[in-house]
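Structure first, then comments.
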Amino acid sequence: MTTTPIANHPNIFTHQSSSSPLAFLNRTSFIPFSSISKRNSVNCNGWRTRCSVAKDYTVPSSAVDGGPAAELDCVIVGAGISGLCIAQVMSANYPNLMVTEARDRAGGNITTVERDGYLWEEGPNSFQPSDPMLTMAVDCGLKDDLVLGDPNAPRFVLWKGKLRPVPSKLTDLAFFDLMSIPGKLRAGFGAIGLRPSPPGHEESVEQFVRRNLGGEVFERLIEPFCSGVYAGDPSKLSMKAAFGKVWKLEETGGSIIGGTFKAIKERSSTPKAPRDPRLPKPKGQTVGSFRKGLRMLPDAISARLGSKLKLSWKLSSITKSEKGGYHLTYETPEGVVSLQSRSIVMTVPSYVASNILRPLSVAAADALSNFYYPPVGAVTITYPQEAIRDERLVDGELKGFGQLHPRTQGVETLGTIYSSSLFPNRAPKGRVLLLNYIGGAKNPEILSKTESQLVEVVDRDLRKMLIKPKAQDPLVVGVRVWPQAIPQFLVGHLDTLSTAKAAMNDNGLEGLFLGGNYVSGVALGRCVEGAYEVASEVTGFLSRYAYK
């Protein structure tokens, strides 16, 4: 996943909102859960379910000599969504670039699978349709393939055994039953500034929210929200780094409401550039995908890049060139290849970038090695429509974006996406497709569980609030475990990132840039927005480089 939850992260509530090659089912049907509940390796009567553990993304550290040299403006290391989008943006003005990927497929954590009438995601599941995200889709020829969720579809949080709707607009605040009246009053007074003053040091998400909005908002909304976005621990996540826009409201306006009014005033007084008329106009707060899943975006960019995208190219070393720029050595299917480039963008995970950069800057490598990526499992299962509890049905159907589960509510699953309700053509008629996330910073023990154990946990959890207790066992569509899933923006994250960049500068690594979800943010939309930002940095450098 590049976030997201959950990242780049895959998440059902956010509106900001490391994978192995695809492995498909060997037969044209899915296996009932009852057939695998006591098995570690799944193979019953010829049926085989698609269950896999994502392999670590590794880059060889040994230097390799030889191979022809080629002069390039930029080499982008890593063909996840960040690297691909940087290349897409830059290629208009700097077509003399290359994107290299150690694995045999592009797209990073985006993993869309289609089989037997089901279409599901095993990494990020959707994106916020922001203008940068929509611009990228339109520029890649995907405007007609965009699909948007119903903005009126409810979102739920599990609390005291019931799935309770989250308010989607201000008029809902007085009536929703997720919080008590005292809790609502505490949040309201805190939002206008009647709360303890900031402590003068960087706060965790939990500290910031409890101080500004009270314990109920934290426990019943923000804690599960953090699980959905980061699969993280809000007592350790940095408010400034993880939710910077909200943090800035208090910083600039003295309170959350004060900052909101100030931001509105500044926007109204600032001339606004005309919106690109090519872009669709999403209604309300919704999320988006594509007709054939998120995979369509990296596939479209890959097709546009053509021979500029190199797969199964394993970076062995980077050295500074005497004539300026950098010398890169790769192990490729064709043998050892050497490249000469004026600039490099590292969009691989921070722990991979750390290993590659260590010969160039020990301090930068040490800083990048500090970021933590907890494991997350994506368990996709399907039930017949009649398995859904009657109270969860609207007009005979399950409707909504999905549900999140606070850690205090006695379930292990982080949350569930209603995949077949969110977007069209995700499951056959009469079937409900559910994408469930499990693991995260508070539950790394999932790495010791088998796929059947993960499915058993998810099925048991769902029968507590969504599925009828005596419903038939689910069919298992896919199980994917990401050992290092989502970078955690912990307290000190921004300082650590600044330390890495400063060390690179101190070591004279001009023209070497960092990108990816640990830099931009974990949501898919933030990766795309971050790609525009990094592309602007690189093109600015190349413009200056041309005059040296």
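Using the three backbone atoms N, Cα and C, a Cβ is placed for every residue, glycine included.
According to its DSSP assignment, V522 (FAD binding site) is coil. V522 (FAD binding site): 34 other CB atoms within 10 A of its CB, across all protein chains. Under the heading FAD binding site, Swiss-Prot lists 78-83, 101-102, 123-126, 522-524, citing similarity to another entry as support.
Taken from Swiss-Prot, the feature compositional bias 'Basic and acidic residues' covers 265-279. With a threshold of 8 Å between CB atoms, the same-chain residues lying at least 6 positions outside the compositional bias 'Basic and acidic residues' (265-279) that come near it are 131, 134-135, 138, 143.
Residues or ranges marked as region 'Disordered' in Swiss-Prot: 265-287.
Taken from Swiss-Prot, the feature transit peptide covers 1-50.
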Which of S82, N125, the listed binding-site residues, has fewest other Cβ atoms within 10 Å: S82
Residue distribution over DSSP helix, strand and coil in the compositional bias 'Basic and acidic residues' (265-279): 5 helix, 0 strand, 10 coil
C-beta crowding around G123 (FAD binding site), within 10 angstroms: 33
Secondary structure of G78 (FAD binding site) (DSSP, helix/strand/coil): coil
